[in-house]
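In TrEMBL this protein carries:
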type	residues	note
ACT_SITE	Asp8	active site, nucleophile
ACT_SITE	Asp10	active site, proton donor
BINDING	Asp8, Asp10, Asp179	Mg(2+) binding site
BINDING	Asp19, Asp99	substrate binding site
Amino acid sequence: MKILLVFDFDNTIIDDNSDTWIVQCAPEKKLPIELQDSYEKGFWTEFMGRVFKYLGNEGVREDEMKRAVISMPFTLGMVELLNFIRKNKDKFDCIIISDSNSVFIDWVLEATSFHDVFDKVFTNPAAFDSNGHLTVKSYHAHSCNRCPKNLCKNVVLVEFVDKQLQQGVNYTRIVYIGDGGNDVCPVTFLKKNDVAMPRKGYTLQKTLSRMSQNFEPMESSVIAWSSGVEIISHLQFLIKE
C-alpha cells in the first residue's frame, strides 16, 4: 500500500522557471521585444518553440543550454526531501507532471543523480533537431477549459492512477506538491484522504486560500510549505499513520 507523490518541476523542485532561466543564453541575456510580445495566454509551449528557434538561430548550442539549465538552484530542502523519498521508495511512488520539457528535466535529474527517485515524468516532449535547435511539442490534447491547451495535469494524473489500478497498484493517498496556476486543476480533484501541498506565497497557495474564503470546498487537506524539510515532516507523519 503505497502513497503517490506528485511533483511539479519549475518553482517546486527547482527554485526558478527553466523556461525563463534559459533566456540568459540569449545575446545580452534578453529576448527581442517582438518575440517577448508574441506570447498568447494558454499558448506557452508555442511561445517557447519560438524562443528555442531564436536561440538556435543566434548560435546558442546544446552544451551551452545544458550548462545554464543544470546551474539552476534546487528549492530549499528539496535535495533532502528527494533523498528521504529514495530511502523510503518501498512506501512511495513518485511522479513529475510538468509544463517544462523532457530535455530540461532530464538534464537536471541526470546532473543531480535523482532519476531513480521518479517512476515517471510527464511533460512536453522535446528534442534537438538536425540543425541543433531544441524543438518542443505539446504533451497531449484535452478538453479541460481551465488548463493551457498543451497540458491538463488532472487528466494526466487520473490516467496514471487508473493505469496503475489496472496493474493492481492502489494508492492509499495522493500527495500533490506544486506551486503554479496549472496545479490548481489537479488539486481541486483530490479526495478526502489526499493532501495538497502548495508552496507558500505562490499562485497555487494564493488560489486555494481565495477558494476557501469563498467557501468553495476542497475535499483534501491543504498544507503549505516553504522548504522541502517541512514536506519530509509531513510524509514521516503519514507513513507512521
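Cβ from N, Cα, C; glycine included.
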*Neighbour count (Cβ, 10 Å) for the residue listed as 'active site, nucleophile'*: 26
*Neighbour count (Cβ, 10 Å) for Asp99 (substrate binding site)*: 25
*Since the record lists Asp10, Asp19, Asp179 as recorded positions, which of them has the fewest other Cβ atoms within 10 Å of its Cβ?*
Asp19
*Measuring C-alpha to C-alpha, could you say which of the recorded positions Asp8, Asp10, Asp179 are within 10 Å of Asp99 (substrate binding site)?*
Asp8, Asp10
*Could you check which of these recorded positions, Asp8, Asp10, Asp179, sit within 10 Å of Asp19 (substrate binding site), going Cα to Cα?*
Asp10
*Rounded to the nearest angstrom, how far is the Cα of Asp179 (Mg(2+) binding site) from the Cα of Asp8 (active site, nucleophile)?*
7
*Other than Asp8, Asp10, Asp179, which residues of the chain come within 8 Å of the Mg(2+) site, judged by Cβ distance to the Cβ centroid of those residues?*
Phe9, Asn11, Thr12, Ile13, Asn17, Ser98, Gly178, Gly180, Asp183, Arg199, Tyr202
